[in-house]
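K.L.:
Got a structure for you, questions after.
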Amino acid sequence: MTNLGKKALNKQRTAKRVPWTGAVAASLILLPGILGGNPALAQKAERNSLTYGELIKKTERGEVAKVELDETEQIAKVYLVGQKSDSPIQVKLLEQNPELINKLKEKNVDFAEVSSANSRAAVGLLINLMWILPLVALMLLFLRRSTNASSQAMNFGKSRARFQMEAKTGVKFDDVAGVEEAKEELQEVVTFLKQPERFTAVGARIPKGVLLIGPPGTGKTLLAKAIAGEAGVPFFSISGSEFVEMFVGVGASRVRDLFKKAKENAPCLIFIDEIDAVGRQRGAGIGGGNDEREQTLNQLLTEMDGFEGNTGIIIIAATNRPDVLDAALLRPGRFDRQVMVDAPDLKGRLEILKVHARNKKIDSSVSLDAIARRTPGFTGADLANLLNEAAILTARRRKEAVTILEIDDAVDRVVAGMEGTALVDSKSKRLIAYHEVGHALVGTLIKDHDPVQKVTLIPRGQALGLTWFTPNEEQGLISRAQIIGKITSILGGRAAEEIVFGKPEVTTGAGDDLQKVTNLARQMVTRFGMSSLGPLSLENQGGEVFLGRDWMNKSEYSEEIASKIDAQVRDIISQSYQTAKTILTENRIALERLVDLLSDQETIEGELFRQIVAEYNQVTDEKIAVSH
């Protein structure tokens, strides 16, 4: 049963128990008052009674079988001969009853003298206890709760790390793909733990810590799971945010407790996920330098490499914010190795797709290599999500295996969002078609640009139409010509609108395009030195990351240079826009045919698009020969 199920069951049991306990408590409180305040319930009502004279006469006639005399209450309980009821008949006695006693002796009637004082005392004691017992029960309840609260307070400083003697994560290094360099580094750590003599024999020491650095989704936590699954040693795992609480001193106490447990189980591994939550640089930000987080960090620094050693303990931490970590945390002796876990390249993406395709029915016509080429910049998490979305679409369409159609739709969904309602035939649909064909046509005819993969009018997310370009190979470095080509292609949509409909009819559809080209052009001038200003770095110095990068943003150049930067950005964009307009004007016939086809079919694949363009203009062989 899951924790959620247990909580729900306990809650249900508690809900059933509350009315019962409430009824008991109410009865304990009300019963004494009922018994003490209502004599009809405290003692039986005198329903069957005789007078004193009638009792004497019945005794004389031999009709009395047994008599109990209670002189304290001045009552006689009489049992008659042949009486069917077990309840005695009560008779009020006199202060002195010698005549009755003589008659009973004379007729040999069984009689005895009893006293109700003891029973009344017992009833009075019981009534008093009934008032006291609920108060005692309440006191015990409060004491129990206070004891639990104090025990929880005592355990507040205990580490919350999950501990496993032999972690069964279900992940091995064979399940991790696309990060071969990181795997090699971490496999060496596992070898350190399993065969330490192999390294100590030549004087090498075991690294104390390994910091995994990389953007989200690249496999840092997956690598830690693989280490845990391969190492075969005790494994502690905790998140950086679990150290810090609202109470001062709790974080440092948890760090001490964690390393105490680790030393008791050495050799072992400690994995701290999102360490930037506790390892941020000290003395930065608005807050003071003596807050709870900094005390926790100081204790962590001491435990990792302080006066006392921690031989046999290897700390593995993961973060996607290395820029905010304290310098003392990053130095050798604490984190001896910093392993970059970056987005995979083409080969890495192919290996990741093979891993995630193991448990999925993929049609034989689907090429994982083509998918890897189409997904540059995708992380391992993105690729896993891509194949999962494709599998969901396959099940929804009641197919037996994932085909390239589901893969294409899944890529579009992951990158651009959910598919929207198709546009109806209208002026807006044709305008969007001109806009998208303008992007694709300029990108196809301009040199140093990626080939078109697909042009579509099917809305996705916020976009009413999309044009996809696929790079032929991984691009580590980008030339100036490639950036200019990209800017020109992005401006092709706006240029097509102006050429066909005129300036008064251009729309807001190019708003995002203009923002992109402006940023690219500004980076060319200020960051890459690709303008007539020369090879200068004129990028603004960002403010402190702890205060927000845009706060206290400062520039180190004059207003005159700023004006020249703006002029250069404007020139780059203007020249690229004119180039786009020239290309589209010279290929107006191809533009019109492609728009007609796109309006009719709503999607044109890249290969067909290039074939049509080649009928009217020469297209480079590289772009025509692109395979899917």
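Heads up, the Cβ atoms here are built off N, Cα and C, so glycines get one too.
Computed from a predicted structure; not experimentally measured.
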K.L.:
The Zn(2+) site in TrEMBL lists His435, His439. Which one of Asp345, Asp363, Asp512, Asp513 belongs there according to the record?
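P.N.:
My reading of TrEMBL gives Asp513 as the candidate in that site.
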K.L.:
Residues other than His435, His439, Asp513 within 8 Å, Cβ to Cβ centroid, of the Zn(2+) site?
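P.N.:
Once His435, His439, Asp513 are set aside, the remaining close residues are Glu436, Gly438, Thr467, Ile490, Leu491, Gly492, Gly493, Arg494, Ala496, Gly509, Ala510.
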K.L.:
Among His435, Glu436, His439, Asp513, these being the recorded positions, pick the one whose CA is nearest to that of Thr221 (ATP binding site).
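P.N.:
Spatially nearest to Thr221 (ATP binding site) by Cα position is Asp513.
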K.L.:
May I have the DSSP-based helix, strand and coil counts for the residues of the domain 'AAA+ ATPase' (206-345)?
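P.N.:
Output for the domain 'AAA+ ATPase' (206-345) reads 54 helix, 29 strand, 57 coil.
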K.L.:
Pick out which of the binding-site residues Gly214, Pro215, Pro216, Gly217, Gly219 has the most other Cβ atoms within 10 Å of its own Cβ.
P.N.:
Gly219
K.L.:
Rounded to the nearest Å, what's the C-alpha distance separating Pro216 (ATP binding site) and His435 (Zn(2+) binding site)? Just drop the number here, would you?
P.N.:
34
K.L.:
Rank the binding-site residues Thr218, Thr221 by the number of other Cβ atoms within 10 Å of each Cβ and report the first-ranked residue.
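P.N.:
Sorting the candidates by Cβ neighbours within 10 Å, the top entry is Thr218.
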K.L.:
Spatially, which candidate from the binding-site residues Gly214, Pro215, Gly217, Gly219, Asp513 is nearest to Glu436 (active site), comparing Cα atoms?
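P.N.:
Result for Glu436 (active site): the nearest of the binding-site residues is Asp513.
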